[in-house]
């Protein structure tokens, strides 16, 4: 059985439709996303490897009580989960700096959102079935973006952190001294830069056309970058953010 079909079967997804089935589907009513974006706020956090996404997410969680979901962390946890049929496959994709098949990542995120909502969190942004999520390092490809928005939840905003490859490489090499991550080495990092430019930038352009991009220079100090990040998020949650933002 082809690997993508095995993944689909494991995650209880339908096999790719035939042309005839696809034609029938186009004439039928489109299924609504699992989560209602009027109650669930999803902010994608994108930027090159080492752009500072995780650092900013941690500070946003502290102030705004988001649930922080890292697509990479979820995949790494799955690859190490005892009994995971796809652990070895995920491990190889990550080691090679490649993007894990869409079906796996999207389903892991959907399950994580569902599990978090079932916890019954309290506090600002979590009453009456509401929730706030920062999805870090996702979507990295166009098909991921489309599938998540259509099937899981319509996203509200993309925080897009930018800086030079030189800065990112320096940060990642430093992190690699203690992180224990197999992809924090120069060879894997350079592969990740190449994949990022090729596959993620079209995603950024898509959300720019949808007026959902907040582009933030992550070169300055952590506190300065956070000042811009918090301002954007504060305006979004207050319903005052309209159009793309550059900071």
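In case you wondered, yes, glycine gets a Cβ from its N, Cα and C as well.
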Stated TrEMBL location of region 'NMPbind', expressed as one of 70-100, 101-131, 132-162:
70-100
Which stretch does TrEMBL mark as region 'LID', out of 53-63, 163-173, 174-184, 185-195?
174-184
Among all chains shown, work out which of the binding-site residues 55, 144 has the most CB atoms within 10 A of its CB.
144
Among the binding-site residues 51, 99, point out the residue whose Cβ has the most other Cβ atoms within 10 Å, with all shown protein chains included in the count.
51
Tertiary neighbours of residue 139 (ribonucleoside 5'-phosphate binding site) (same chain, Cβ under 8 Å, six or more apart):
44, 46, 145, 148, 203
Among all chains shown, work out which of the binding-site residues 53, 76 has the most CB atoms within 10 A of its CB.
53
Round to the nearest Å and give the CA-to-CA distance linking residue 137 (ribonucleoside 5'-phosphate binding site) with residue 55 (ATP binding site).
12
